[in-house]
Amino acid sequence: MPGARRMILGHVVSDLSSKMNRTKKLGGDVLETPLNRCLNTFDITLLGIGHMVGAGIYVLTGTVAKDLAGPGIVLSFLLAGLTSLLAALCYAEFGTRIPKAGSAYVYTYISIGEFWAFVIGWNIILEHMIGAASVARAWSGYIDSLLGGAISNITVTHVGELHEQLLGRYPDFLAFAACIVYACLLGIGVKGSAIFNSFFTMINLAVMVFVIVMGFYYARPENWTSGGGFLPFGFSGVIAGAATCFYAFVGFDSIATSSEEAITPTVSIPLATLTSMLVVTIGYILVSAALTLMVPYWSLNVGAALPEAFGSIGLTWAKYVVSVGALCGMTTTLFGSLFSLPRCLYAMAADGLLFSFLGSVNQKTQLPLVNLAISGVSSALLALVFDLEKLVEFMSIGTLLAYTIVSASVIILRYRPPSPEEAAILAVGGTDDSSQSGAELPSPQSDIMEFLSAGKLRSSYRWMDMVVGRCEPGAAVSGAVLVFTCFSGGLCIHLHFSSQDMQEGVWWAVLLTFFFVISLAGCLLIMVAHEQNTTGLRFKVPLVPFIPALSIFFNVDLMVHLNALTWVRFIIWMAVVLDCVAYLNIFLWVRFNIRMSVGEFVLILLKHVDLPPVMDLVIRCTDVFPGMLVYFLYGIHHSKESDQVSSYSVLMTSSEAGKEKWGAMRSTSQQHLPPLEEKPAPSQAHAHKEISTEDDKPIVDEEEVTQ
C-alpha cells in the first residue's frame, strides 16, 4: 500500500498544481453581461473620488501634520499620491483590457493563476467588508460627538458595555442601521445609487474648496517658518507621513469594479481613474497646506483638526460646514465599499470559485441583490459589536498585496504571447470588435508582427540566448517578475533593519545592498530584452516595465513598514492555509465517484493519511481558514476553467473505482455511471473528448492495492 499511496499522491499533487495555476480565458464577447451598463465617465469618476475622500481628509491631516511631518505633510501627500498613481495606472490598463467586475481578482486570474486569484479575491472581500464596518462606526462616532455623546450614553445606560478584548465598548446600533440603510439604497439600481453618490460627493468637494479658500485667506506664512521650519521632523518625517497618507488614496479600485456596468469601459475606466487620482491628490495637498498655514502644526487637535482650526481663528460657524463635509465624505466611502463588495462576490461566483447562488443577478434591477443583502448584513453585524481598529490594520496587507500583484500582472501580460484563440483570429484576418474589450485588433502588418512576437527575445539582445534562450516566450519575463518581487522584499527588509549600518558604511551591509540592486537591475534587463504586445489597447501604462516595477517596489516597502504584530498574524494565517493544501486534496478524487458531505470527507482524510498531530488539530478546527476551505473543497472543482478530463478521472476509470474499499460511504458505483458526473459547461460541451482505452487503464494495479 505505501507504493500505491505514493503513486496516488504524486498524481494528485500534479493535477492539483495544474488546477491552482490555470488562468481564466476570455472567450466570446467580453462586453456581454447580465449587469446594467449605464454608468458614464462622470458617474464612475465621482464614485472613485467619493470612495477615496472620506474621513481621511478630516482626521488624517491633523495626525500626520502634528506627529509626523509638520507642514511637510504637503510633500507627504504628494509622494503618497505619486505612489498610488503608479498602481492606479496599472488598474487603468487592466480596465481597458478586461472590462469585468472583480477588480484585482479577475486581473490576477487572467495573468497569474486561479489560486492566487482566489487569495486576492478573498482578501478584497474582507477588505471591503471590514472597511464598510469601520467607516460606519466612524460615521456613528462623528454623529455622537456632534450630539455631545448622547447616543453612546443612552446605549451604555440601557444596554450596557461589552467587556471583551476584540469588541467595542458598547453595541453601535447607529452604525448597524447605517450599513443596512445604505445597502437598501444601493438596491434601487446602479444608476439611481450613482446619482445618490454623486450628490454627496459634490457636497464633499464643495466643502473641500471652502476649506482651501478660507484657509489661504486666513493664512499666516510664519506658521511654515517658525517652530522648526517647513520640515521640523526632517525628510524622514515626510517619508513616514507619506506611508500613512498612502491609505487616504485607497479606494480607486472601486472604479475598476464598476467596469462591467460602464457604458464605454475602455474609455471611462482609465479616464475616471486618472481624473479621480488627480483631483484627490491636488485636494489633499491644498487642504493640508491651508490647515498648516492657518494654525501652527503643533497646536492642531488630532481628533478634529479642521473644525478646531476654524474655531481658533474665530470662525465658529465654519465648524458646522466642515462637519457636513465630513459626514458626506464618510457616507460616500461607506457607499463605495458596499458598492464594490457584492460585485466581487458576483465575479468570483460567476467563475465558479464561490457558491453559484452568489452569481445570480436580479432581472428587474440587474443587480446581485443576494450579494448586496449578504454584504449589508455582514458589515452591519461587524459594525455593531466589533472594535475594528486591529482588523483594519491587518487588512492593509491585503490591499498592498493586491496592488503588487496587479502591477506584476501588467508586466506579465505585456510580454505574454498570444493564446491559440488570438493567433487563430489573426490567421483569418479579424474578428468582432467586442471580443477584444471594445478595441480593434491590429490590422497593419507591423502590428500583427508585434502581436505574434510578444515574449520573444529582441534581436538586439541575442547575446542573452545562453541565459534565457531556451525559455518559452513570456516565461523568462514571468520568472524575472517573481525574482524582482522577492528581491524587492529582501532589499526593503535589509534597508529597514540595517539603516544604521548603511549610514556607518559597514562593509557587509553595503555589499548586500549592492547585491540586491544588481539583482533587481538584472531582472529589469531581462524584461526589457523581450518583445512586448501592446496591440488592441486603448490605454497603455507608459514605460513598461519600469513604472509597474516601481509600483511593486513601493508597495512592498510599505508592507515592510507595517506593524510587526500585523505581519505575524498574516504569516501564521497563510502558513496554516498553505500547509493544509496538500493534505486537504489527497483524497478529493473520491468526489468524482462518491457522494459525501464535507464531514465525511474529513473522516476519510484522517483515516487514510498519517497527519502530524498539529495538522490533525488544524483540519478538525476548519473555522481557522474558512476561505481556503471554500476554495479547496468547492471552488477548485466548480471553476469554469476546469478541464473535462482530469488525472482524477483517469485515476478512477477502472473496475477498482466501483469497489466498496475506495468509498465506504454511499457509493454510487452501482449506477454504472461514467467516472465524471459533472455536467460540462455549455461552452465546453462540444469540446468534450472521449478517453481512450489505453487511458482507461488504472494507475494502481488491483493486486498492489489489496496488499
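Using N, Cα and C of the backbone, Cβ positions are placed for all residues, glycine too.
Caution: TrEMBL annotation is automatic and unverified by curators.
TrEMBL lists transmembrane segment at one of the ranges 451-473, 474-496, 635-657, namely 474-496.
Beyond the transmembrane segment (541-564), the same-chain residues lying 6 or more positions past its ends with a Cβ under 8 Å from any Cβ of the stretch are 83, 86-87, 89-90, 92-93, 243, 246, 393, 396-397, 400-401, 403-404, 407-408, 410-411, 414, 484-485, 488-489, 492-493, 496, 520, 524, 527-528, 532. Beyond the ends of the transmembrane segment (44-61), by six or more residues, the same chain brings 73, 135, 138, 142, 194, 197-198, 200-202, 204-205, 208, 244-245, 247-252, 254-255, 258, 262, 268-269, 271-273, 275-277, 279-280, 283-284, 287-288, 291, 302-306, 322, 325-326, 329-330, 332-333, 335-337, 339-340 to within a C-beta distance below 8 angstroms of the stretch. 320-346 is the stretch from 73-92, 104-125, 199-218, 320-346, 474-496 with the greatest number of Cβ pairs below 8 Å to the transmembrane segment (367-386). Long-range Cβ contacts of the transmembrane segment (199-218) within its own chain (Cβ-Cβ under 8 Å, at least 6 residues beyond either end) map to 46-47, 49-50, 53, 57, 279, 283, 286-287, 289-291, 293-294, 306, 309-310, 313, 315, 318, 321-322, 324-325, 328-329, 331-332, 335. Two recorded stretches are said to be in contact when at least 3 C-beta pairs lie under 8 angstroms, sequence spacing 6 or more; the transmembrane segment (320-346) and the transmembrane segment (104-125) meet this definition.
Across the domain 'Cationic amino acid transporter C-terminal' (539-578), the model assigns an average pLDDT of 79.
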